[in-house]
Amino acid sequence: MSTSNQSNTNSSPFLLVGIPGLEALHMWISIPFCFTYIMTLLGNSIVLLTVRLDKNLHEPMYYFISMLAVIDLIFSTAVVPKMLGVFWLDSREIGFEACFTQMFFIHTFTAVESGVLLAMSFDRYVAICNPLRYNTILTSSRTIQIGLLSLARGAGVMTPLMCLLTSLPYCRNRVIPHSYCEHMAVVELACANPSASDLYSLIVATLLVGTDSVFITFSYGMILRSVLRLPSQEARLKALRTCGSHVSIILMFYIGGLLSMYLQMFSFGLAPHVQVLVADFYLTVPPMLNPLIYGIKMKQIQEGIFKLLGQLAGLSTSEAD
């Protein structure tokens, strides 16, 4: 294929199916996704505002929680509005550049979240296993540097993948049997051998997820050993409660991601709409649940949110008077 023909072909838009086989139910299917998006915006915005306004929360642990909230907001906004456009307005067309931009945001911020979860496990390790050095090891500036490093790492490893994918000619059917530009579904539309991009994505995913998960497991193994050595049962329970929310988020992120990935790679006899729904819920439900888990399990976040809501209620009352 000539370069000009390939360029013309690649400038053509893709078409998103939505939920294959359930197109007639798109309006009803959109209801839970719309609800989760609204709750994601509300919950994560409240967490960010609470940490910003409550000086008692100006600590590394809560800065990492704020980073997760920002990631969840970007993650959801990259996917859900277009998904709802498909469900509500049958707006199935997505431009070539827009498709790969969406894919870039999904993969990049998945990698960034993995890095932040690793940083949070290190934060809890230092706080519980070496508390006397906590304030010297994890300063506010160092916490921000860790967040920026996670962002640079995610963008750095995903940029070459996007270059490999966009260089492929897409001359087959432009219909993506998905609700968003899912990586493997898009690659299947290429009319050239995608082995280079497949190998690169496999190596990157294995190294990132494998390395991060190993270090996270090691950190929490050391934390558990230190917690079990505490003399007071109350102190042990307090430490376990503090780490419980982190572990919940980590399990949801990694187990959900692996389940979604394997269902895309191997059908296991499942209907296509089941595979797509699992992938859609993986991208939309955890960003909604993250602030709820922190709000339920972390007393400091609860108190900060109640204080914020009390201040807002007081302002609205004074304005009414």
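The first residue you see is number 1, and the count goes up from there.
Backbone N, Cα and C define each Cβ position, glycine as well.
Taken from TrEMBL, the feature domain 'G-protein coupled receptors family 1 profile' covers 43-294.
Feature annotation from TrEMBL assigns transmembrane segment to 25-49 (among others).
Annotation comment: TrEMBL describes 61-84 (among others) as transmembrane segment. For the transmembrane segment (61-84), the residues of the chain that approach it from at least six positions outside its boundaries are 16, 18, 30, 33-34, 36-37, 40-41, 44-45, 47-48, 51-52, 91, 94, 102, 105-106, 109-110, 112-113, 116-117, 119-120, 123-124, 127, 140, 143-144, 147, 150, 179-180, 249, 280, 283-284, 286-287, 290-291, 294, 300-301, judged by C-beta separation under 8 angstroms.
Positions annotated as transmembrane segment by TrEMBL: 104-126 (among others).
Residues or ranges marked as transmembrane segment by TrEMBL: 146-170 (among others). Long-range contacts of the transmembrane segment (146-170) within the same chain: residues 1, 6, 9-10, 12, 14, 63-64, 67, 96, 100, 103-104, 107-112, 115-116, 119, 183, 186-187, 189-192, 194, 196-197, 200-201, 204, 208, each at least 6 residues beyond the stretch ends and with a Cβ under 8 Å from a Cβ of the stretch.
Taken from TrEMBL, the feature transmembrane segment covers 199-223 (among others).
Taken from TrEMBL, the feature transmembrane segment covers 243-263 (among others). Panel annotation: around the transmembrane segment (243-263), residues 68, 110, 113-114, 117, 120-121, 124, 128, 205, 209, 213, 216, 220, 223, 227, 270, 274-275, 278-279, 282, 286, 289-290, 293-294, 296-298 of the same chain, lying at least six beyond its termini, place a Cβ under 8 Å from a Cβ of the stretch.
Within the same chain, residues 19-20, 33, 36-37, 39-40, 43-44, 46-47, 65, 68-69, 72-73, 75-76, 79-80, 83, 106, 177-180, 182, 245, 248-249, 252-253, 256-257, 259-260, 263-264, 267, 302, 305 sit at least 6 positions outside the transmembrane segment (275-296) and bring their C-beta atoms closer than 8 Å to a C-beta of that stretch. Annotation comment: TrEMBL describes 275-296 (among others) as transmembrane segment.
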Averaging the per-residue pLDDT over the domain 'G-protein coupled receptors family 1 profile' (43-294), what integer do you get? 86
